[in-house]
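Q: Copied straight from Swiss-Prot:
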type: BINDING; residues: HIS58; note: O2 binding site
type: BINDING; residues: HIS87; note: heme b binding site
type: DOMAIN; residues: 1-141; note: domain 'Globin'
type: MOD_RES; residues: SER3; note: phosphoserine
type: MOD_RES; residues: LYS7; note: N6-succinyllysine
type: MOD_RES; residues: LYS11; note: N6-succinyllysine
type: MOD_RES; residues: LYS16; note: N6-succinyllysine
type: MOD_RES; residues: LYS16; note: N6-acetyllysine
type: MOD_RES; residues: TYR24; note: phosphotyrosine
type: MOD_RES; residues: LYS40; note: N6-succinyllysine
type: MOD_RES; residues: SER49; note: phosphoserine
type: MOD_RES; residues: SER102; note: phosphoserine
type: MOD_RES; residues: THR108; note: phosphothreonine
type: MOD_RES; residues: SER124; note: phosphoserine
type: MOD_RES; residues: THR134; note: phosphothreonine
type: MOD_RES; residues: THR137; note: phosphothreonine
type: MOD_RES; residues: SER138; note: phosphoserine
Amino acid sequence: VLSSKDKANIKTAFGKIGGHAADYGAEALERMFLGFPTTKTYFPHFDLSHGSAQVKAHGKKVGDALTKAADHLDDLPSALSALSDLHAHKLRVDPVNFKLLSHCLLVTVAAHHPGDFTPAVHASLDKFLANVSTVLTSKYR
C-alpha cells in the first residue's frame, strides 16, 4: 500500500522524469537486455543494438505506461487494465521479468537524478513499481 508520502515522492519523481520517460524507458530496457540476457527472448523480432529505433519505441511505451500509472496511483488496475490483458493473454511474459525491468528502471532514474534519489524516494519508487508489476500480472491467474 502506498502511503501519502510515497504518493508525494512518486509524483515529485515523475515531475522530474517528465519528458525523459521515453528515453529512460529505452535505457532501462537496454540495461535489462544486457544484464539479464534471457529477457531478449521476448523480443526476437527486435534490433536490440544500442540506440535501436525498436528499443526506443518500446521504451516510449514503457515510459508512457508508467507515467499514466503515476497519474492514477489510486486506481492502478483500471489505468493498466489493457496492458495487463496484453501481457497476460497475448505476450505471456514471465512475471519475473517485470521485477528485472523495475530494477533497471530504478538504476536508470538513480543514474540521472542522483541528488534526488534518496532512500525514501528509492523505497517509494520501488513500492510503486512493485504495485505496477502486481497489476500487470493480476490477470495471469
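Yeah, the Cβs are placed from backbone N, Cα and C, and that goes for glycine too.
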Q: Could you pull the average pLDDT for the domain 'Globin' (1-141)?
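A: It averages 95.
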Q: Could you check which of the modified residues LYS11, LYS16, LYS40, SER49, THR137 is the closest Cα neighbour of the residue listed as 'heme b binding site'?
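A: Out of the listed candidates, the nearest Cα belongs to THR137.
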Q: Quick check for the class: what is the C-alpha distance, in angstrom and rounded, between THR137 (phosphothreonine) and SER102 (phosphoserine)?
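A: Rounded to a whole number, the Cα-Cα distance is 14 Å.
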Q: In angstrom units, rounded to an integer, how far apart are the Cα atoms of LYS7 (N6-succinyllysine) and LYS16 (N6-succinyllysine)?
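A: LYS16 (N6-succinyllysine) has its Cα 14 Å from the Cα of LYS7 (N6-succinyllysine).
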Q: Give me the Cα-Cα distance between SER49 (phosphoserine) and SER124 (phosphoserine), rounded to a whole Å.
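A: It is 32 Å, counting Cα to Cα.
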